[in-house]
Each structure stands twice: as C-alpha cells, then as structure tokens.
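Asks: Got a structure here, written out as structure tokens. Questions coming.
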Amino acid sequence: ISWTPLLVLGYLFYLLLGAMVFQLLEKQAETHFRDQFQLEKLKFLQNYTCLDRQALEQFVQVLMEAWEKGVNPEGNSTNPSNWDFSNSFFFAGTVVTTIGYGNLSPSTVAGQIFCVFYALFGVPLNLAFLNQLGKALNAHLLTLERWVQKPGRAQVQLAIFLTTGTLLFLVFPPLVFSYVEGWSYGEGFYFTFITLSTIGFGDYVVGTNPNKHYIPVYRSLTAIWIVFGLAWLALVFNVGADLMERYLQLKWHKSDLSLAQGDTTKLEDEPEQPRIHIPS
C-alpha cells in the first residue's frame, strides 16, 4: 500500500497542528484561572483568620476526593444518589460505549472488578450491536436509493441521511439539554458531539446539577439516545474515512501515473541507438 507513508505523515501533522492550536487557545486562559484561584484562596484566608493555609489545602483536598468519587460538593446530603437505577443504567451505557466521562466511577473493590469484566464482555457486545445497527441503516439507505429514480440519486440519498441524522442527533438534542440543564446552545452542542464521538471529557454531563430536579428516566432516555447517535455518527465517520482513503489513493496513483508517463515520454524522445549485429 504505497500511499501509507503519506497517511502517516498527514496523521502526525494533524496531531501537531492540534497541539499547537490548543496550546495557543487554552494556555493563557489556564494561567488566568490558576492565578484567580490562588487569589481567591488568599482572600478566603484573610476573611477567616482562624484558618491557616495548611487547613485550607486539606479542605480543598477533601473536595477534590469527593469530586473524584462522584459526590458533587455543591448542595447537601439530600442530593439524589449517583447510583440509583437511572444513573446506574446511564453509567453502564458509558462503560460499554467506551465514553467514560470520568466524573463517576466505582469506589468499591467489588464494583471495580465487576466493571472490568462487565466492560470485557460489554464492549464487544456493544460493537456487534452498533455494527448490526449500521447494517440496518445501510439497508435503509439502499431503500432510499430505490425510491429516488433520478440522476445523482446517490448524492440525494446521502444528503437525506446526513440531514435527518444531523437534525435528530446533533441539532435538536442540544435544545433539550439547554432547556433541562440550563446550558447555552453552544454548550449543549459541544456536549452532544463530544459524547457521540465517544471522546467524553466529563466537563459536561447530564443530570448532575444538584439544584435541579430531573425526571427519573431522564438519564436512561439519554443513554438510549447515545446508543443510536453512536451508530449514526460512527457510520458518518466510516463514510468520511472511506472517502478520505479513496482520495489519498487517487492522488497517489495519479502521481505514479504522471511519473510513469513522464518516463515513457522521455524514452520516446531519446534517439534510437544503432543496433550492432554480431554474427554467430
């Protein structure tokens, strides 16, 4: 596969480009937030002189450990449990889909061991399910192609597929999340794409605000939406990867053909050398 080095170089270049852009956009903001946080701690110590810096740092450590265990420091002990059935169903979905937000994880040894074996069998099961769901979507696309009896019907069916999926999985869900969670539309769209692409940073997670009252099946319905959205976006990514691969192959083969044609032209332009006949 002669175009593989070109793909490797392009992949490494894309990573380097992303690193430079993220550093340019985020490093200064991080420095500002870090300085602001240190300033707030100094103000807190000045207002409460009974505390020293060590006691404040210990309290901050307690808050960090609580957050790592899935306990929101905001609110009080009456906050809804992170491990009721709806939230547990949502967590199980994030495990088998490999999203892994990181805001919640098993804290008991038994839970951690079960999570390992649950993912060991659940991830392949999820891949098989998504593969079958993708085949069903492909069959639906073929049905659309039969319906559209016009020139360029492949472009029409692809446009219908992309438009419908975009509306169902990327455009309308942020409106719901903005209404329920109090996010802006941009934040809702960011959460939607980061979730369906299985990146799952965990900076935005539905159903975690202690000041809001959610319906019991809210996170369960979100988990079902995630599964079908994963299948659609995975199919889109596969189509994009296939088109990119074909484009790179086409470019590479065209360059090979041009080089070959150039060599042929060069050989044709060269004068024919006299042949010497050696009698036997």
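Placed from the backbone N, Cα and C atoms, the Cβ positions cover glycine too.
A TrEMBL annotation is a machine prediction, not a hand-curated record.
What TrEMBL records for this protein is below:
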- 78-137: domain 'Potassium channel' (DOMAIN)
- 167-245: domain 'Potassium channel' (DOMAIN)
- ASN76: N-linked glycosylation site (CARBOHYD)
- 6-25: transmembrane segment (TRANSMEM)
- 110-130: transmembrane segment (TRANSMEM)
- 156-176: transmembrane segment (TRANSMEM)
- 188-206: transmembrane segment (TRANSMEM)
- 218-241: transmembrane segment (TRANSMEM)
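Could you give the neighbours, burial and distances for every feature on this list?
Replies: Residue counts for the domain 'Potassium channel' (78-137) under DSSP, split into helix (H, G, I), strand (E, B) and coil, are 41 helix, 0 strand, 19 coil.
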Asks: For the domain 'Potassium channel' (167-245), what are the DSSP-based totals of helix, strand and coil residues?
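Replies: DSSP composition of the domain 'Potassium channel' (167-245): 55 helix, 0 strand, 24 coil.
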